[in-house]
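Student: The following feature annotations were taken from Swiss-Prot:
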type	residues	note
TRANSIT	1-46	transit peptide
COMPBIAS	1-31	compositional bias 'Low complexity'
MOD_RES	Thr48	phosphothreonine
ACT_SITE	Tyr85	active site, proton donor
SITE	Lys113	site 'Lowers pKa of active site Tyr'
Amino acid sequence: MLRAASRAVGRAAVRSAQRSGTSVGRPLAMSRPPPPRAASGAPLRPATVLGTMEMGRRMDASASAASVRAFLERGHSELDTAFMYCDGQSENILGGLGLGLGSGDCTVKIATKANPWEGKSLKPDSIRSQLETSLKRLQCPRVDLFYLHAPDHSTPVEETLRACHQLHQEGKFVELGLSNYASWEVAEICTLCKSNGWILPTVYQGMYNATTRQVEAELLPCLRHFGLRFYAYNPLAGGLLTGKYKYEDKDGKQPVGRFFGNNWAETYRNRFWKEHHFEAIALVEKALQTTYGTNAPRMTSAALRWMYHHSQLQGTRGDAVILGMSSLEQLEQNLAATEEGPLEPAVVEAFDQAWNMVAHECPNYFR
């Protein structure tokens with residue numbers, strides 16, 4: 001049961017404070033709870049996945065353990081990491097929580113990714129090396145979901161897919177996922193896998209939020225056609241949709257965050273830090289005040305409620321939102337927002353207007 005899992009995480013947090021190393025926890029016998037359902041007659045809302053990119057960077061082992069525990073205690077069960085996150089520290093921390101990840105009776109699901117960056121590739125040897133290294137860090141025999149983090153345009157995709165099929169046959173992962181691929185590449189991959197009898201991808205992880213909707217035009221119809229679930233990352237545009245930033249902030253010294261003080265900061269600024277984007281956020285904030293008055297929800301809450309109630313995500317198809325965090329407090333606030341109801345029509349319309357303001361400079365969902 002997830003309560004047992006969260007207790008195991010709590011014990012791991014205590015251990016991490018007592019010593020610098022991590023220890024292997026005994027696999028936990030847990031039965032998966034039914035997914036949370038909306039009120040009678042309402043559509044099933046998308047699932048929530050915990051993004052762990054900040055574990056090992058802005059969150060140490062103890063804070064990470066507390067966040068995983070809080071996530072599990074709210075009835076969620078999917079964790080998302082990657083080979084490259086914090087140079088492997090994200091996976092190491094998750095592996096030390098004693099969850100029994102990858103065991104047959106563990107209902108806490110774990111996903112990781114292999115990438116073609118920083119000397120890596122999606123050639124067979126590199127894919128195998130990355131996945132097997134991830135399994136060692138996570139202290140598990142297999143992962144539930146194994147993504148190709150982005151296309152490797154220097155490697156024939158057939159080589160990559162054949163290698164993935166071999167690893168799947170060896171029992172090293174359950175489901176295959178894609179991330180940051182163009183819709184035509186998804187169609188090509190699904191066709192190749194089907195014609196060769198290789199494992200088919202079943203999940204796509206992509207960039208999607210209230211002011212970044214490029215996936216709606218072509219990618220989502222492609223995924224529906226081939227039967228892939230869609231997991232949305234950057235639901236708050238890297239934190240821009242919290243409303244806490246001003247456009248002029250880029251010119252001064254800022255605290256470490258998604259947009260400042262890390263190796264990916266420039267990528268995130270190029271992706272979202274546009275003057276029109278800040279104007280669009282101001283428009284939504286004005287609509288919130290006009291519509292709700294003194295009871296207006298925070299911008300963060302409104303952006304997440306848009307994802308769960310007004311986006312093109314479909315809970316009945318297994319779609320999900322990936323929630324990252326840099327602190328336990330932030331996670332708890334965001335989880336609370338995911339449980340709130342739909343927005344008033346005037347605010348939904350304001351989000352649509354905001355999207356129209358920034359659509360011309362929307363970052364590509366593919367790489």
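Numbers here mean position along the shown chain, with the first residue as 1.
Glycine residues also receive a Cβ, built from the backbone N, Cα and C atoms like all the rest.
Are these features on the surface or tucked inside, and what are their neighbours?
Tutor: Taken residue by residue with DSSP, Thr48 (phosphothreonine) is part of a strand. Applying an 8 A CB threshold to same-chain residues 6+ apart, the list for Thr48 (phosphothreonine) reads His76, Glu78, Ala320, Val321, Leu323, Leu335, Thr338.
Reduced to three states, the DSSP call for Tyr85 (active site, proton donor) is helix.
Within its own chain, Lys113 (site 'Lowers pKa of active site Tyr') has Thr81, Ala82, Phe83, Met84, Phe146, Tyr147, Leu148, His149, Gly177, Ser179 as residues 6 or more apart in sequence whose C-beta sits under 8 angstroms from its own. DSSP assigns Lys113 (site 'Lowers pKa of active site Tyr') to a strand segment in the three-state reduction.
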Student: How many neighbouring Cβ atoms, not counting its own, are there within 10 Å of the Cβ of Tyr85 (active site, proton donor)?
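Tutor: So the number of other Cβ atoms within 10 Å of Tyr85 (active site, proton donor) is 22.
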